[in-house]
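Structure, as structure tokens:
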């Protein structure tokens, strides 16, 4: 189809100087034999300005050597995408071959093209990894809605928005304590916090050694708790008199001061107090410092002679155990632990099924081994509940050996139990690994990037109308694309030109103040 400019359309000329429609039924005899040559039919009306790019013409898309063909109106359903916007896709056009060339993943484009053909349905091909397909969605600029649909179809959780405080000072403080990568001081605060956590964990472990436990009056057994409590209450010597001068207590106090300061600062600087209070990591921070204040209150009460030490030591033994949860504070500064937590959270359904299958297997095989071993007096399976431990150890392939079947029937049941355990545990593993890979690439995609550039096709383009007409005569570029260029889509005044050499000749490329606009830049996110 030839595009005829509007100012060159032929107007009908009426015979004898009069205007009107040509005679119906052919040229009249009275008008002369040349009457038919004076009238030419008008060409079809050109599309409106908003419909120029959505004609029914076909377009060829070359993906790393594999050619796809579709209609322009199919691509124009999504004008905000790379293929749907003529200005965006023009830089990838090769007028010599009359096609768009993309050096991208070929299997992924089947799903990308189906997205346009189906009106917005996105489906990942089974032979394309999740991280590669998500990169293709970003490259073709399908938008956040398509990305959310893709993640939802893959079974991933929606990413939670993390707003920042509105006030400048509050935002700076929040960034310092919540985002270690935001600045150097924030990284320094994170390092100090990690060191304090490690010191607290080391102190928690060292104070249980026998030599240090004696100094701190740390009983080795519950009976010794009561015995020493009775002696102290009889003699009237307060057990907490020397606790405040103990080195472990001093170091613990310094650690708690830092934990409390960090928690309070983050609480007052957070953008939402309600969200802060519901965060599991903040709850762990609170649980990590509560045992210290309970212990301190108990020590002060005993020092004044108002406490019941026999009861307090038993309670404090449990309270001190809670201090071990401080190790989870490291997950705030470790992306690996965060990824593991997100993976477990996203895989709760699979983990629930695993526990359910294990529960069924434990009941089944513990009952079977009990009845198989019931006739042997030397068997250790005295009841079905006693066999629960053996079934769990066998299905998880641990095999402590403290309980084992001795009869032929019991050994057969044990073999089946081990095989069933291997199959049960192996079933949800691929799903959990897939979730881990997704969260790992999502967390690390901004850290390690490698860029490579390949030559685009914009050296073939020129803003000169004369060169466009020459290219039109040598290729079959669709009229829609030329209309876009001629009407200012690639205007010379809006996009300055930069010459560059290709072989022995010099080509011209529009740069839009960006030296990389003439090449297709792809970011590959790698993991370490």
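Cβ atoms here come from the backbone N, Cα and C positions, even for glycine.
Residues annotated as compositional bias 'Gly residues' in Swiss-Prot: 15-32. The feature N-linked glycosylation site is assigned by Swiss-Prot to 232, with sequence analysis given as support. Marked as S-palmitoyl cysteine by Swiss-Prot on the basis of sequence analysis: 270. Taken from Swiss-Prot, the feature phosphoserine covers 473, and the record attributes it to sequence analysis. According to Swiss-Prot, the feature region 'Disordered' maps to 1-32. Swiss-Prot lists 435-528 with the feature region 'Interaction with KCNE4', giving similarity to another entry as the kind of evidence. The motif 'Selectivity filter' annotation in Swiss-Prot covers 397-402. If you look up Swiss-Prot, you'll see 1-187, 270-280, 335-350, 435-528 marked as topological domain 'Cytoplasmic'. Positions annotated as topological domain 'Extracellular' by Swiss-Prot, on the basis of sequence analysis: 207-247, 302-315, 371-411. What Swiss-Prot records for 188-206, 248-269, 281-301, 316-334, 351-370, 412-434 is transmembrane segment.
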Counts of helix, strand and coil residues, the topological domain 'Cytoplasmic' (335-350), according to DSSP: 15 helix, 0 strand, 1 coil
Would you kindly check 188-206, 248-269, 316-334, 351-370 and say which stretch has the most C-beta pairs under 8 angstroms to the transmembrane segment (412-434)? 351-370
For the residue listed as 'S-palmitoyl cysteine': DSSP state (helix, strand, coil): coil
Do any residues, 6 or more residues outside the topological domain 'Extracellular' (371-411), come within under 8 Å Cβ-to-Cβ of it, and if so which ones? 358, 361-362, 365, 417-418, 420-422, 424-425
Cβ contacts under 8 Å made by the topological domain 'Cytoplasmic' (270-280) with residues that lie 6+ beyond its boundaries: 163-166, 170, 174
